[in-house]
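Let me begin by presenting the structure, written as structure tokens, before commenting on it.
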Amino acid sequence: MKGQGSAKERAAILIEALPYIRAFFGKTIVIKYGGHAMVDPALKEAFAQDVVLMKYVGINPIIVHGGGPQISRVMERMGIRPVFVEGQRVTDEETMSVVEMVLVGTVNKDIVGLINRHGGRAVGLSGRDGDLIQAEKMKIYRYSGQDRPPEIIDIGRVGKVSRVNPQVLQSLEEGGFIPVIAPVGVGPEGVAYNINADLVAGAVAGELLAEKVIYLTDVAGVCDETGRLIPSLSLQEVEDLLQAGVAKGGMIPKLKSARKALTRGVKKAHIIDGRVPHALILEIFTDQGVGTEIIP
Ligand SMILES: Nc1ncnc2c1ncn2[C@@H]1O[C@H](COP(=O)(O)OP(=O)(O)O)[C@@H](O)[C@H]1O
Ligand SMILES: CC(=O)N[C@@H](CCC(=O)OP(=O)(O)O)C(=O)O
């Protein structure tokens, strides 16, 4: 938000925000904070300020963070080459330790510290805490020609969400805390699974029937085949983009996650540019369309 300017300008900004504050009061908004969006220290500060402001005006923000680039950097330092299949990291046992160490040990605590420094009360969790994110092994099916069964690709300790336990999040909300969730899930035998953070965000939003799920990433939004930003998409158009292969790599789990959340009753999903300072506040409290909105 414009912090400077005359008192009149600042008052005008607040007055403009009022209808949105009223509309979202008491509502849950799930924010996926992508690893690519958390590179610049000034942007990270702005993100933390936005989250704290949301909480102050009576919104219930829940953060699900990524950290893909941060994991890859540590893997490369250890001499392990990161490999992705359809936007999912191939995760063997050794990689799983790195994933947990980086996501739960470093990135999660960094975000929690940042929010708390700005006056919020954040609590960091992994999906293993309180059985928050229950998972099962993900299989990837690849088309292998007409009249042939699809090829099944095993990508190791990668999970998909089977159930979200809302109790932990409800208790934190009652206490006035801001949950910050690392996307590591727990399987039936207590084993940890690496889950794409977009999928966790969509599942959490769906379980809590959130008002919105917002994905902060490193592009302006979803782009068409010519690279132009698409401001609004219906679920059918999302399907078409996925089928046509226009949405690739990291955009695939975002769209699939948004589709799942909306199918479960979440009203809207937004994919917005985390490189823009205060993108969250612009999206929630102003009329400016930022990024791509996805509606049922
Ligand atoms: N149609 C598309 N529109 C926009 N971005 C796309 C599209 N298809 C693939 N992408 C890629 O998706 C990336 C965002 O996903 P990802 O790298 O996983 O980011 P994050 O760390 O924020 O989750 C973009 O940087 C872009 O390269
Ligand atoms: C299975 C899988 O791919 N998990 C992701 C989890 C982190 C993530 O999703 O981070 P971003 O949101 O920054 O991409 C990974 O290992 O990179």
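Glycine too: its Cβ is placed from the backbone N, Cα and C atoms.
Per TrEMBL, the feature site 'Transition state stabilizer' maps to LYS32, LYS254. The substrate binding site feature in TrEMBL is assigned to GLY67, GLY68, ARG89, ASN194.
Mapped onto this structure are the features recorded in TrEMBL.
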{"residue": "LYS32", "record": "site 'Transition state stabilizer'", "contacts (Cβ under 8 Å, 6+ apart)": "VAL64, HIS65, GLY66, ALA197, ASP198, VAL200, ALA201, VAL213, ILE214, TYR215, LEU216, LYS254, SER257"}
{"residue": "GLY67", "record": "substrate binding site", "contacts (Cβ under 8 Å, 6+ apart)": "GLY35, MET38, VAL102, LEU103, THR106, VAL107, ALA182, ALA197"}
{"residue": "GLY68", "record": "substrate binding site", "contacts (Cβ under 8 Å, 6+ apart)": "GLY34, GLY35, HIS36, ARG89, ALA197, GLY250"}
{"residue": "ASN194", "record": "substrate binding site", "contacts (Cβ under 8 Å, 6+ apart)": "ARG89, THR91, THR95, MET96, VAL99, ARG157, VAL158, GLY159, PRO183, VAL184"}
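Within 10 Å of the Cβ of ARG89 (substrate binding site) there are 22 other Cβ atoms, across all protein chains. Only GLY68, in sequence order, out of the recorded positions LYS32, GLY67, GLY68, ARG89, ASN194 have a CB under 6 Å from ligand 1. In this entry, GLY67, GLY68, ARG89, ASN194 make up the residues listed for substrate, with the farthest two CA atoms of the set 12 Å from each other. Around LYS254 (site 'Transition state stabilizer'), taking its Cβ as the centre, 28 other Cβ atoms fall within 10 Å, counting all chains.
Other residues of the same chain near the substrate site, with their Cβ within 8 Å of the Cβ centroid of GLY67, GLY68, ARG89, ASN194, are GLY35, GLY66, ILE71, SER72, THR91, VAL99, VAL102, LEU103, PRO183, ASN196, ALA197.
Secondary structure at ASN194 (substrate binding site), as computed by DSSP, is strand. A coil conformation is recorded for GLY67 (substrate binding site) in the three-state DSSP classification, outside any helix or strand. DSSP classifies LYS32 (site 'Transition state stabilizer') as strand under the three-state reduction.
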